[in-house]
Amino acid sequence: MKISILGAGSFGTAIAIALSAHGISVNLWGRDHRNITHINTYRKNLKYLPTYHLPDNIYATSNIDEVLSDNNTCIILTIPTQQLRTICTQIQHKQHMCKNTPILICSKGIEITSLKFPSEIAEEILQYNPIFILSGPSFAKEIAEHLPCSIVLAGDNKELGESLIETISNDVLKIIYHQDIIGVQIGAALKNIIAIACGIIAGKNLGNNAVATVITKGMNEIKTLYIAKNHSIDLHTLIGPSCLGDLILTCTTEHSRNMAFGLEIGKGRNINTLIDHNLKLVEGTSTVKPLISLAKKLNVELPICISIYNLLHENISLDKAISNILS
């Protein structure tokens, strides 16, 4: 059995470690040829997870044809949302190699140009591949340490989804199936912005009560966008791992890049400098613009999210943003 993972960053590497530890051969693709060479030579991803050993049944490559040409059980995409269209197009050009292969997407956010969620981008391009979203509270380092997490595999094909879960679920990746593919992605996108807000509150030393208030209000904003986008609501999604679970994890620990980013803002660091240094790592900064555009399109109000947008992009004062977040 072989699975290919496109994206050799922290999360892709961690997933590769978790799968390979349970006997699955993994192809791991990344763009950085030097880092890929280090992985195969030293069995460590020196750029992203330098302290974790990669088992011998992980083969890394910077040649995307190599990972698409094998008979994969599935292909897992662990790449930023803004790069997803390019990667899906590359897969589409190799359809003779991987037609009908299930695609599992771990990307979180909204595409800036189209205002589409990751599954919508993939379904537009990969019309012959079953599309699933793999999402939930899951820090890469904990997965690499073989610590358990509960995540969701969401998609329209229940029979195939449950079959995939039997293949990839183990004592580290505890996976449940859900058909609500859009609802899962709404929670995944908004939680990063809410986490920035929680970090700001914590950085200003406004207390745990205020952080809890922001999490509660943030959950309501997830529900608001969820209803506007889906025209209905599934409580199993809203209070499950991909929404409530991921929101709690991302908003309550400095191990979260988004909360850590907000903490630095709350402590008075220059916002533009922080954005320049963290743009590729902090998903909330790239999600907030298309999110606000989508909210306007759907005619919904998201007070916390618009406050973070105004703080990052419209130069409102930190005190004003905090007042709006807590009001």
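Heads up, residue numbers simply count up from 1 along the chain you see.
Any Cβ shown, glycine's included, is placed from N, Cα and C.
What Swiss-Prot lists as active site, proton acceptor is LYS191. The Cβ of LYS191 (active site, proton acceptor) lies under 8 Å from the Cβ of GLY218, ILE222, CYS243, ASP246, LEU247, THR250, CYS251, each on the same chain and at least six residues away in sequence.
For GLU283 (NADPH binding site), other Cβ atoms within 10 Å of its Cβ number 25. The NADPH binding site annotation in Swiss-Prot covers SER10, PHE11, ARG31, LYS108, ALA140, ARG257, LEU281, GLU283.
Sequence annotations record features per position, and here Swiss-Prot assigns sn-glycerol 3-phosphate binding site to LYS108, GLY136, SER138, LYS191, ASP246, SER256, ARG257, ASN258 based on sequence analysis. In this structure, SER138 (sn-glycerol 3-phosphate binding site) belongs to neither helix nor strand by DSSP; it is coil. The number of other Cβ atoms within 10 Å of the Cβ belonging to SER138 (sn-glycerol 3-phosphate binding site), over all protein chains shown, comes to 24.
In the structure as shown, the Cβ atom of ASP246 (sn-glycerol 3-phosphate binding site) sits within 10 Å of 26 other Cβ atoms. Least crowded of the binding-site residues (SER10, PHE11, ARG31, SER256, ARG257), judged by neighbouring Cβ atoms within 10 Å of its own Cβ: ARG31. Across the structure, GLU283 (NADPH binding site) and ASN258 (sn-glycerol 3-phosphate binding site) are spaced 7 Å apart at their Cα atoms. Between the two most distant C-alpha atoms of the annotated sn-glycerol 3-phosphate binders (LYS108, GLY136, SER138, LYS191, ASP246, SER256, ARG257, ASN258) there are 16 Å.
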